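Quick look at what TrEMBL annotates:
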TRANSMEM  93-112  transmembrane segment
TRANSMEM  124-145  transmembrane segment
TRANSMEM  165-185  transmembrane segment
TRANSMEM  220-238  transmembrane segment
TRANSMEM  244-263  transmembrane segment
TRANSMEM  270-292  transmembrane segment
TRANSMEM  312-337  transmembrane segment
TRANSMEM  392-415  transmembrane segment
TRANSMEM  427-447  transmembrane segment
TRANSMEM  453-475  transmembrane segment
TRANSMEM  482-502  transmembrane segment
DOMAIN    483-532  domain 'Cationic amino acid transporter C-terminal'
TRANSMEM  508-530  transmembrane segment
Amino acid sequence: MDDYAAAAASSSGSGGAGGGGEGRRRSYWRWSKADLFPEPSFRSWGAYGAAVSATAPRLRERLLHRSTSAEELVVLRRESEHPLRRCLSWLDLALLGFGSVVGSGIFVLTGLEAREAAGPAIPLSYAAAGLSALLSSFCYAEFAAEVPSAGGSFSYLRIELGESVAFLAAANILLEALVGAAGLARSWTSYFAALIGRDPDSLRIHAPALAAGFDRLDPIAVVVLAATSSLAAAGARLTSSLNAAASVLGLAVIGFVLAAGFARADPANLSPFLPFGAQGVFRAAAVVFWSYTGFDMVATMAEETRDPARDIPLGLVASMSAITAVYCAMSLALVMLQRYDRLDPDAAYAVAFASVGMGWARTRTPVHATILVTACSAGVAFFSSLDVLASVSSISTLFIFMLLALALLVRRYYVRDATPAPALRKLSLLLALIVGSSVALSAYWNSSHSDRWAGYAVLVPLWLASTLALAVLVPQQRAPKVWGVPLVPWLPSLSIAMNLFLMGSLGYAAYIRFAICTAVMVVYYGLFALHATYDMAHQVDKFAESKDDEGVGDGDPDVLPRN
């Protein structure tokens, strides 16, 4: 019996997921202080004061603490009082991926970014963003097959990069979900207005006293979020069935858009093809990357998947490959249907069809809003414009995906208590060079000197040499048991470079908002999350000690033997 099975058997014998051996489960909806803050550090103001006064030593302990696969898959799952039911297949996951991703991004951002950044070259923007998303989906697929936990990227990063990095990523995941839901809901308002023959912005309330980008209040978006989140809360099986139906309808609509769009297309609308240059293409790629967000949610459904080791890689890669092809084709149809500088930034497809005498085709555009963070999303959706939401969501998502690719390289090349110190030093240096050269390349591309080749002649070879050195000089310490990313370290390294490159193409305002959100996350971590995880870790340590007494090991069976 391996470590995971032994720990699972032992934990189930002591009560399992049902709440430590209680005869019945407590209600899911509980609002007492003990339910919201159950850790010892929050039991009284005195206990909290003592915890805050011990922030420095606790931070030293937790800052670089790394979890284990056994802890994520067994110990933490044991703490859950409501285990998830395995009911999803790879086809369900592919449709969930498709339904979670295809939505307001393609139907709204295409017109906005084609008009203001990429011009008729907008399909190249979708191709660049799609390649970055596909590389990230490979990394997600390997992690989900190896660590099938509902914690998703938070669990993966806790294992490989430590708790503090995982918390920062988790906060950005929450931000991504919150902002993504708000953006989807606001785009629904635009298309509903077009459906009834009104200006796409006409159903919003103008508040001139507020700052630009936050002065169009959208009560309809709040209603849409409440309705769709109620459906999502009904359970994975119902959500999957409804999403499958919506995805099938979406495929039919996409087929109509492509057929009708290319039938009325005018190739003359593709000239000039690059009115804003190559930089415009990548600026647009960084924003339309938001159109691909949502696929990472598939990885969090591992505990609801029948065979996660097989189904999640198939579902992720299949859905992302299909979505990239669809996005490129749909964006090409749009810019051939109507000249880029005449596209409507809010309801581009509806207005473009109307411009060629097909006004009835407004009514065929679907919008999905299936993300769960309703209350906060509703507040954001009420105030914020779609371009603000898209840039914030894109930078958060790109940051998470970059960390995940980095974590995959750490997972393959480092195993605690097994990797020799010289190999660890080489790994640290080469990872720093890969990340540093990627950041420098992105900064140089977006600088005033981007037309000079001297910088590229240094930075691109530096990235190539660093990745090659990692492949040749540092032996891999771990082999994936079921499915692994091919061409390691090249594909994860390329994913790091592409995500950072697209991050650099976002505007100054996006970084200001990202910095503010990050600062809030860090303050929350210091005041609350640090102490909660400290208490939880010591409870887990007691559990692990009891398992050791019963003969449950802590080995890592997928470590490669070293020569």
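Glycine is no exception: its Cβ is also placed from the backbone N, Cα and C atoms.
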(message) If we skip the immediate neighbours and take only residues 6+ beyond the ends of the transmembrane segment (392-415), which ones have a Cβ under 8 Å from one of its Cβ atoms?
(response) 132-133, 135-136, 139-140, 142-143, 153, 156-157, 159-161, 165, 169, 172-173, 175-176, 179-180, 183, 286-287, 289-290, 293, 296, 423-424, 427, 431, 435, 470, 474-478, 485, 488-489, 492-493, 495-496, 499-500, 502-503, 506, 510-511, 513-514, 517, 556, 559
(request) Take the transmembrane segment (124-145) and find every residue of the same chain, 6 or more past its ends, with a Cβ under 8 Å from one of its Cβ atoms. (result) 113, 117-118, 152-153, 156, 281-282, 284-286, 288-289, 291-292, 295-296, 298-299, 302, 308-310, 312-313, 316-317, 320-321, 323-324, 327-328, 331, 398, 401, 404-405, 407-408, 411, 480-486, 491-492, 494-495, 498-499, 502
(message) Which sequence-distant residues neighbour the transmembrane segment (453-475)? Criterion: at least 6 residues beyond either end, Cβ under 8 Å.
(response) 409, 413, 423, 426-427, 430-431, 433-434, 437-438, 440-441, 444, 489-490, 493, 497, 560, 562-563
